[in-house]
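Notes to accompany the following structure.
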Amino acid sequence: MSEHQSSCLLVDIGNTRIKYARNSDGNHLDVRVAGSLSDIPLNGVREIRVAAVARAEEARNWEESVPSGVRFKRAVVKPEWHGLTCAYEDCSRLGVDRWLALLAGRKEIGGNLMLVSLGSAITVDYLTGEGVHEGGYILPGLTMMRQSLGQTTAQVGFAEGQNQNICPGKNTEQCVDHGVLCITRDFLQQRIACLRGKDYSVWLSGGDARLISAQITEKHEIAESLVLRGLRHCFDM
Ligand SMILES: Nc1ncnc2c1ncn2[C@@H]1O[C@H](COP(=O)(O)OP(=O)(O)O)[C@@H](O)[C@H]1O
Ligand SMILES: CC(C)(COP(=O)(O)O)[C@@H](O)C(=O)NCCC(=O)O
């Protein structure tokens, strides 16, 4: 890894977790999770590239506290980037994490893509090989679905979803857990099935990607850290 690359820190501030990695020449990124931005080690860092959809105030305070001489760059969504066009009429409303995943998909995967992020929320975005973002979907993520049931019903407790079972539950926690898994799987199976014969590849990323991947029988692959990968490219002119 060149010193220039490793001195560039990539940071993805999601609604649940902060993920970060030092940039590298190769395909692999050594991704870590931080509890707060101030926990991220900055030794040798010359440039920080940030994708933030959450913790706006924490990010502002962190930016002010980083040592002088360290360049601080925030990614923003643009109407167009290297032939990639945003589907939103008002591109500033598209989550920058979704935009960066599209950038990484275009630059590092190519072809017609269905990109699924299984994080705090579930997002689906479609991108053609010509660079046209065709729009997508936003749904609550697995944990958000479980929590919303726990918060808005008197008798449905919230349990951490751990098993990969979707058979009918035999207690409240199983019923919630299996139901959430089942609806997510069925939605994605149906979306992927709609693409049959259209030459799209399907990529899952985010904290729940492996859990859901194990449930999906339609063809798909796992894409690691698409948001951080997008940060590698988004400042290319
Ligand atoms: N160790 C973990 N800590 C927190 N969430 C986890 C963990 N492992 C899996 N998850 C799941 O991943 C989701 C967060 O995924 P992530 O891609 O980090 O989201 P975000 O980018 O929105 O912060 C959580 O909502 C949870 O369902
Ligand atoms: C949809 C999201 C909440 C997903 O965030 P995440 O689950 O990655 O934390 C985020 O991309 C966002 O705030 N988007 C803005 C709305 C939009 O994309 O239309």
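Backbone N, Cα and C atoms are what each Cβ position is placed from, and that goes for glycine too.
What TrEMBL says about this protein:
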ACT_SITE  Asp97  active site, proton acceptor
BINDING   Asp12, Ile13, Gly14, Asn15, Thr16, Arg17, Ile18, Lys19, Ser120  ATP binding site
BINDING   Tyr88, Gly95, Val96, Asp97, Arg98, Thr172  substrate binding site
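Feature map: annotations from TrEMBL on the structure.
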residue : record                 : DSSP class
Asp12   : ATP binding site       : strand
Ile18   : ATP binding site       : strand
Tyr88   : substrate binding site : coil
Gly95   : substrate binding site : coil
Ser120  : ATP binding site       : coil
Thr172  : substrate binding site : helix
Can you tell me which of Gly14, Thr16, Ile18, Val96, Arg98, Ser120, our binding-site residues, come within under 6 Å of ligand 1 at the Cβ?
Gly14, Thr16, Ser120
For a quick check of packing: other C-beta atoms within 10 Å of the C-beta of Ser120 (ATP binding site), how many?
20
Suppose we draw a 10 Å sphere around the Cβ of Asp97 (active site, proton acceptor). How many other Cβ atoms does it contain, all chains included?
27
Could you give the Cα-Cα distance between Tyr88 (substrate binding site) and Ser120 (ATP binding site), in whole Å?
21
What is the maximum Cα to Cα distance, in Å and rounded to a whole number, among the residues Asp12, Ile13, Gly14, Asn15, Thr16, Arg17, Ile18, Lys19, Ser120 annotated as binding ATP?
13
Just give me the nearest neighbour of Gly14 (ATP binding site) among the recorded positions Gly95, Val96, Asp97, Thr172, Cα to Cα.
Asp97
Shell list (ATP; ref centroid = CB of Asp12, Ile13, Gly14, Asn15, Thr16, Arg17, Ile18, Lys19, Ser120; cutoff 8 A):
Val53, Ala54, Gly119
Quick one: Cα separation, Thr172 (substrate binding site) versus Ser120 (ATP binding site), in Å?
22
Binding-site residues near ligand 2 among Tyr88, Gly95, Val96 (Cβ under 6 Å):
Gly95
Say you check the Cα of the residue listed as 'active site, proton acceptor' against those of the binding-site residues Asp12, Ile18, Ser120; which is nearest?
Asp12
